[in-house]
């Protein structure tokens with residue numbers, strides 16, 4: 001494994017270098033590229049329904065990236081255009097409708113996707129038609145390998161959970177109680193963490209599930225408290241970690257609480273109870289120049305700071321642009337999803353808005369640095385990177 | 001044991017919430033026989049208005065509550081006047097108001113999303129937290145129980161002691177007879193929609209303070225209210241209150257051993273059992 | 001273009017869902033809001049059968065249909081005890097429970113991940129993997145399902161279903177087996193929805209709980225209501241509009257975050273507006289001559305309705321139906337106690353008494369609509385206490401209702417045809433397995449019904465809707481409908497009330513003739529003149545017991561009764 005990744009790094013470096021100098025020649029040497037007027041791609045997001053918050057931030061980031069790229073002259077002079085479609089917060093049928101519309105009416109070759117059910121339902125179509133799929137949202141185990149053209153730039157939910165659990169182990173905690181979303185993401189974390197935690201000699205006091213979206217969780221919290229845990233794991237996503245934090249602390253649970261997400265919404269729901277909350281996440285903080293300009297641009301447009309979902313979809317557009325650029329350098333009928341997918345596979349390393357580079361692994365999931373954060377004084381503080389085996 | 005005690009207290013708190021919804025929905029249902037599904041989004045609207053006033057504008061929460069009540073009453077009256085009344089005048093079949101109500105439900109729920117945006121809305125409010133031995137509760141919880149006791153008690157007094165209250169009861173027993181003995185059923189219907197809607201605004205505001213408001217919160221509200229009415233016995237407000245309390249307790253105590261992912265189903269198993277064993281509900285109205 | 005083909009394929013799926021839901025809601029009047037759950041069961045069963053178990057076509061499809069039909073019959077059980085608003089709640093609860101089981105039973109359903117990789121259809125070596133080829137399959141399935149619905153609704157079974165929708169008790173009173181009809185229509189509707197579910201699984205190759213929420217049920221309901229409840233073509237139209245319109249609307253330049261909400265608001269408004277201004281939907285239920293399943297000329301044929309007017313074998317004056325020491329209490333209230341009655345062949349018996357005396361309760365006991373708390377009921381000497389109303393009609397005891405309970409949204413002739421005895425088309429099996437026999441009977445029945453209508457002089461109004469009749473005509477139709485059952489014991493609940501003298505003079509001979517033909521007749525009546533004119537024997541009831549029995553003259557001359565009642 002180690003050797004493989006070293007090799008791929010080397011290969012990536014060589015290609016990048018080669019690409020930089022050889023690009024003009026390559027274009028001349030191969031067939032003349034068959035350019036479309038515009039690189040039109042789709043994004044099937046949760047624009048309505050229970051989880052439309054995700055659709056909002058993801059689509060905003062996509063549109064920002066397109067705007068930036070076009071303002072800078074497009075890809076070799078050709079502009080990009082994003083068509084935003086709605087899967088109504090994870091309805092498979094809507095995803096397929098959107099996908100056929102994107103392919104047939106808009107002639108897209110690449111689609112940004114989110115949520116498991118619609119992604120699973122469009123994956124066979126992507127295989128069949130050779131459409132590139134980029135997912136920047138939650139990654140449940142079921143999505144791995146759903147399509148040969150599917151790439152994820154977010155860590156597996158299960159990996160984030162495992163990192164959180166690893167941190168709990170470092171703290172010497174023994175008895176875990178967990179509350180998880182009744183969703184593919186929540187369940188995939190429970191499935192991954194349970195055996196790992198038990199193998200490491202830990203015990204599980206309680207495993208409770210909650211509905212997505214501000215439900216009454218008094219009963220779940222009461223059961224967690226009664227199990228007297230050493231720590232409480234929140235396998236929840238925005239904004240529900242906020243509610244869980246608030247309720248757990250109110251109920252007098254004093255044990256450390258470790259989760260996998262924190263953002264403004266969570267903060268506003270949890271209020272003062274977010275103090276001391278620790279979480280593991282893809283480490284997005286506007287650190288280098290690119291990240292800073294993204295964050296500044298996002299804040300200027302939408303009046304709020306971007307969080308990592310926005311960052312992921314923003315990044316996905318750039319990944320797509322880069323893949324197009326590489327494919328175009330080879331000329332011919334390059335504007336094809338499967339060719340773009342082949343380009344990504346051939347050279348899976350891309351610049352990351354998280355800073356530095358990211359590399360897609362063989363399973364299509366980009367390995368990103370997972371970091372531990374702690375909320376102190378209402379602000380999220382970076383603590384350390386979590387090393388993974 | 002501590003857990004069981006806590007779950008019991010949770011059950012009473014949730015039960016009070018369901019009971020109040022049951023009484024509000026049940027009052028409208030029993031008097032007018034309209035299944036007012038849009039009771040759900042009216043509840044949601046009230047919560048968002050309370051949020052807008054107290055969270056958005058930062059005014060005191062009692063002003064938010066008053067605005068919520070005003071909004072709920074307005075929407076309740078509007079749904080009757082603009083939708084159900086014309087159907088009644090048209091002599092539409094009994095299920096027509098129900099289907100129309102589903103339509104209104106969809107319209108209002110999505111209107112909330114458009115007007116207020118989506119995502120969870122919270123009001124930052126400092127409230128008391130109490131421990132009674134091993135049992136925990138907050139002042140919001142106390143208000144949930146307290147508001148039920150006060151409003152349901154007040155409603156009971158109103159129905160028994162006042163002229164309008166008696167007219168409502170008469171109409172609940174037999175609308176035709178009520179009309180014959182000279183009760184203005186139109187006026188009484190408006191009154192019932194106003195009171196029932198008002199009763200939804202109070203738990204809506206409390207839920208906003210407790211868990212936060214989301215655009216989809218209305219379904220659970222109207223549905224649990226409806227189930228409480230059926231479990232309690234159609235036509236009996238005492239039954240709706242008892243049905244709501246029973247649902248809250250069973251739902252909470254049931255989860256003592258049952259995994260929490262089955263939370264939603266427990267209430268419906270109670271409903272099924274009730275319909276199979278005692279279809280007339282806990283308190284049935286005496287029928288001929 | 002594939003996108004258009006995809007939309008058309010979706011239209012086929014929804015037309016199956018809408019027509020099958022229409023069977024339940026529009027024809028059966030059974031307002032069960034769980035169609036999406038049954039659709040889900042169909043999809044999951046195929047996903048498991050074809051995907052997890054790898055079974056070949058058509059086994060997964062059959063699994064889908066069977067699973068959904070059985071589950072649906074399970075909802076029908078509480079639905080038999082409750083109706084109207086209760087059914088709404090029970091079915092909504094079922095909808096939620098089914099989805100929760102789908103989400104929680106991970107081993108079987110894949111939990112929240114759902115089941116993916118379901119194999120597509122392969123027919124004759126051709127893989128159905130494009131919207132175009134799937135559309136062909138979906139269209140064939142849609143046509144087949146439509147044919148089933150059409151056959152079912154345009155049959156005696158379908159007519160009985162509509163009668164049940166109009167009035168359940170009246171449908172029982174003309175001999176229809178409500179239990180059988182409800183369970184059957186629930187099962188058929190669910191089975192067809194499951195076909196759509198099965199297609200869904202094959203087309204999307206993925207099944208997850210998110211696709212089958214309560215919103216989906218409301219969406220299908222909107223199609224039925226918009227198109228017209230009780231009209232199958234309406235459901236097709238409704239499906240077409242509500243599938244194609246939203247797709248077309250997606251081309252409208254709306255802000256993407258509120259576009260879907262606006263679309264949903266549009267659905268909601270459609271529901272409200274249609275109920276307000278055109279409650280019958282775009283295509284109303286067929287009425288008039290179109291309501292008949294056989295050509296109208298069949299009605300002109302010579303029927304054998306005369307036989308229905310005959311009382312059958314037996315000695316005039318012999319006891320046919322008797323109640324002994326009947327008692328009925330409701331809660332603590334005694335409606336009837338120690339009441340004995342004998343109804344005799346060829347005789348007209350009257351029940352007289354003030355309001356609340358227990359006359360209608362007595363009828364309800366004698367016709368099986370109520371079970372006596374104590375006492376015994378015998379027909380030709382055999383105890384019939386445990387029989388249900390429709391079984392009693394079959395055995396020869398039928399009744400009318402004081403409040404008429406006509407099937408108001410059906411035509412006059414339909415009201416009569418539905419009551420005719422021994423229709424093999426009442427059984428769904430015969431409708432599909434012996435269509436020729438059913439059709440032949442139907443032609444004969446049309447002729448018989450017309451004859452009965454001629455007898456009560458309503459033949460000119462045969463194809464009018466029952467609710468458009470005058471009050472006197474409605475009363476005549478009640479008589480016609482009761483006659484059509486062919487029962488030998490006829491119990492009329494106030495057949496004459498509210499009629500003028502002329503009409504009365506027309507009805508008297510009808511009833512006398514029935515008795516003369518050997519029918520056993522019993523009438524509840526307030527009008528002493530009517531009693532005197534018609535009855536051979538009168539039972540005077542008050543406070544739940546028979547105060548006196550005898551000839552009309554004897555009773556009216558009874559000084560005690562005269563003092564108390566006939567002042």
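Each Cβ is built from the backbone N, Cα and C atoms, and glycine gets one as well.
Model, not experiment: these values are computed from the prediction.
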Stated TrEMBL location of transmembrane segment, expressed as one of C:132-149, C:150-167: C:132-149
Range annotated as transmembrane segment in TrEMBL, from C:6-25, C:106-125: C:6-25
Long-range Cβ neighbours of the transmembrane segment (C:61-79) (under 8 Å; 6 or more residues past either end): 30, 32, 34, 37-38, 41-43, 45-46, 48-49, 55, 86-87, 90-91, 94, 98, 182-183, 186-191, 193-195, 197-198
Recorded stretches the transmembrane segment (C:185-206) and the transmembrane segment (C:86-103) touching, at least 3 CB pairs under 8 Å: no
Recorded stretches the transmembrane segment (C:6-25) and the transmembrane segment (C:132-149) touching, at least 3 CB pairs under 8 Å: yes
Top Cβ-contact partner of the transmembrane segment (C:132-149) among C:37-55, C:86-103, C:218-246 (pairs under 8 Å): C:218-246
Averaged pLDDT score, the domain 'ABC transporter' (C:321-566): 89
